[in-house]
Each structure stands twice: as C-alpha cells, then as structure tokens.
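Here is the structure we will look at, set down as structure tokens.
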Amino acid sequence: GCARDWDGLTCWPRATFGEVVKIPCPQFFEEFTNTHGSFLQRNCTQEAHWSEPFPPYTVACGFDEGSSKGPEDQKSYYSAFWRVYTAGYAASVTSLVTALIVFAAFRKFHCTRNYIHMHLFVSFILRAIAVFTKDAVLFADETMDHCLMSTVACKAAVAFFQFSILANFFWLLIEGIYLQTLLLLTFVSSKQFVWWFIFTGWGAPAAVLFAWVLTRIHQQNTGCWDDDENGVVLWIIKGPILITVLINFIIFINVIRILVHKLKSQEGGGSHSSHFVRLAKSTLLLIPLFGVHYIVFAFFPESTGLEARLYIELGLGSFQGFVVALLYCFSNAEVQTELKKQLCKWQHQEYLTFTHKHGTLSRENSPVNYVTQLSLLEKISPKRKTSGYHNGVTTV
C-alpha cells in the first residue's frame, strides 16, 4: 500500500492499493478563504504511489492563485507574528523572574498573598518556556515531515504546553478566589489556605493532563498530539479551562458588587475608602488576566475569528506575564519603598567603606606618621643599642 505522506500542507494517512482517501481541507485555508467543509481526495495507485490531490487545493479549498493574500503572504505574516509573541514571552520571563527574586529576597514580603502571586508567576514562566520548547521541537525545521513525526519528545513538549496552560488558568482562578476572600474576611493568615491553594493550583492541572494523555493514547494517538482533536479529547482540556474562566467571571462581578457596597457604606470612609479604591483599581486591571475574553470565543467554532484569536491569545497573551509582574510587584508601593530603603542602605555602606579606606590611606601617608615610624625604628635599631652599651662602659 501507500505509506503516510506529508505533502507540505496536510498529512495523508496510510492506504491500501486502490483505496481513495478523503480528508477535509487544512484549517488554515479558512483564514483567508470563504470555503468551509470542503474535502480533498487522493488515490493509492497500484504502483504504490499517491496520485495528485483532486480536486486541487486551489479548487477544493477555495484558494485563488491570483489572490494577493496567498500562502507566502500568510507565512510572512506568521513569521512576523512569531517575532512579536517571542519578544512578549521573553519580556514576561525576564520581569517575572525579577519579581520572584524580589519577593523571595525580602522577608517582609513572605506572606500568603505574595506566596500566591509567586505561584502565579511560576505558572506564567512555565507557559513561556512551554511555548519556546514547543516551537523548538515542532517548528524549528521547515522540512520536517509532520506526518511521520511521532516521537516521545514532541508528545512530551505538547503535553507540557497543555499543562502550563491549565496551570496558568487555575492559578488565575486562585487569585480571583483569594481576592474575594480578602473582601469577605478581615484576616486570611492561616497556612492551611496556602496548602489548599497549592494543591488546587498544581494538582488539578496535573489530574486533567493525566486524563488527557490517557485519552490521547487510547483514542487519538496520532502525530505529535498537536493535530485537530475530536470532541472528547478537545473538551478534556477546554472544559476545565472554560469552567475556571466562568467562575472567575462570576467572582469578578461579585467583587465589583462588594467593592461598590463597601464604598457606599458609612464604614468605607477615611483611610478604608482609599484602601478599597486601590483594590478596585487592581481588580479592574485583572479583567484581562481572568481570561473573561475567552468566554466570547468558547461558544464559537475554532475556525471563527482566527485572526482575533491570534492577536488576543498569542499577541496580547504573551505580554500577560509582564503585566502581572508590573501589577503585583513593580507598581506595588510596598515593594518600591523596600527597594528604595535597600538601595539607600547599599549606598550608605559603600560610602562608609570608601570613607574608611580613604581615612586609612590618609593616616598612612601622613608626615606625622612618618616621624612616628622613624622614632620606632630608632628605638629598635641594633646600632643604637650597641652605641648605648659603649657609652655605658666609658662612663664606668
């Protein structure tokens, strides 16, 4: 029969002699054509060779060769887009690692709130690393046969990518839960909350990923697990993410309601009022971080609004980590005050060290010090001792 074949656009499965294989048009054609649900066919000839696709891609997939927005233009567009989200993830990783160092270095920041922030930072770092790893393993070589490529390494890269996405959404959910808890309760200092948050933030994504991997192995163990998934496999990942987003949306509405109630109440006056205003500003900045915009796309087919999805999920999403670090660390008044104190302390220590060294050198180079050193040399000089001895004998 005919072996699997990668024609540069799609993967054709293995077929027997004389068999006609029918597959849908590649999904990316729908981005720049109005054709949906079309199919291509190829015949496995008696000579064990694949025939040319019929109808051709230009006819079946609605692509006009004279169009100004062809595959080469799309390739150039995706290449430029790759540079954008690579720069975004690089900026996010740099800022998040810096924020982690700041929170870990100062004991003043060791509290439940910042522990949750640090785990959120780690989830964003893992997400960026997963994107870089997936790009390096799957798309580094343009001549790679994606039809025959089905290694443990590439499957592990895709699985790690799925885990990082799940962990990211679950820790965003925990941030929302903790934010509402702060508004409902006066103090949240028990370490028991932290361990429950950690168990949920990392354990739930691991459980979902385990179920997804088992389903993939037994139901759709094809390629590098990066192809189009069937309904069951797709919703194992998409379902929990959608649930976390919906819960976060409800939390967001409830948080706004609580804040408005507290600001209108008599108890919200004075210093408490300014505190809740600052918290409200932070909450409004968390709107894109809670992933509310994913609800808009969740109920539409994957082919709907692909360009908008790319801008939001890859373009803007790659800078999410940078915004998180800026919001929770670098724009935090407590962090800025502590960093200024540490900077002043370092400058003061350097000044004292410089003054001490300068004073020591000045004393060593002083003329008085030279006279003192000469006097000491005269006292311990052997010649002086011998001269004194002779003078003593003469006197006797």
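Yeah, the Cβs are placed from backbone N, Cα and C, and that goes for glycine too.
What TrEMBL says about a protein is an automatic prediction, not a curated fact.
Sequence annotations record features per position, and here TrEMBL assigns domain 'G-protein coupled receptors family 2 profile 1' to 1-65.
Per TrEMBL, the feature domain 'G-protein coupled receptors family 2 profile 2' maps to 81-332.
Summarising the annotation, TrEMBL assigns transmembrane segment to 87-106 (among others).
Sequence-distant contacts of the transmembrane segment (118-140) (same chain, at least 6 residues past either end, Cβ-Cβ under 8 Å): 82, 85-86, 89-90, 92-93, 96-97, 99-100, 103-104, 146, 149, 153-154, 157-158, 160-161, 163-165, 167-168, 170-172, 174-175, 197-198, 201-202, 224, 226, 318, 320-321, 324-325, 328. Residues annotated as transmembrane segment in TrEMBL: 118-140 (among others).
Listed by sequence, the residues of this chain that lie at least six past the ends of the transmembrane segment (160-186) yet keep a Cβ under 8 A from its Cβ atoms are 112-113, 116-117, 119-120, 123-124, 126-127, 129-131, 133-134, 193, 197, 200-202, 204-206, 208-209, 212, 237, 240-241, 244-245, 247-248, 251-252, 254-255, 258-259, 262, 279, 283, 286, 289-291. Per TrEMBL, transmembrane segment is recorded for 160-186 (among others).
With a threshold of 8 Å between CB atoms, the same-chain residues lying at least 6 positions outside the transmembrane segment (193-215) that come near it are 112, 115-116, 119, 123, 159, 162-163, 166-167, 170-171, 174, 177-178, 181, 232-233, 236-237, 240. Residues or ranges marked as transmembrane segment in TrEMBL: 193-215 (among others).
What TrEMBL lists as transmembrane segment is 235-259 (among others).
Annotation comment: TrEMBL describes 279-300 (among others) as transmembrane segment.
What TrEMBL records for 312-331 (among others) is transmembrane segment. Beyond the transmembrane segment (312-331), the same-chain residues lying 6 or more positions past its ends with a Cβ under 8 Å from any Cβ of the stretch are 81, 84-89, 91-93, 95-96, 98-99, 102-103, 117, 120-121, 124-125, 127-128, 131, 282, 285-286, 288-289, 293.
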Looking only at the domain 'G-protein coupled receptors family 2 profile 2' (81-332), report the model's average pLDDT.
79
Near the transmembrane segment (87-106), which same-chain residues lie under 8 Å Cβ to Cβ, leaving out any that are not at least 6 residues past its ends?
114, 117-118, 121-122, 124-125, 127-129, 131-132, 315, 317-322, 324-326, 328-330, 335, 338-339, 342
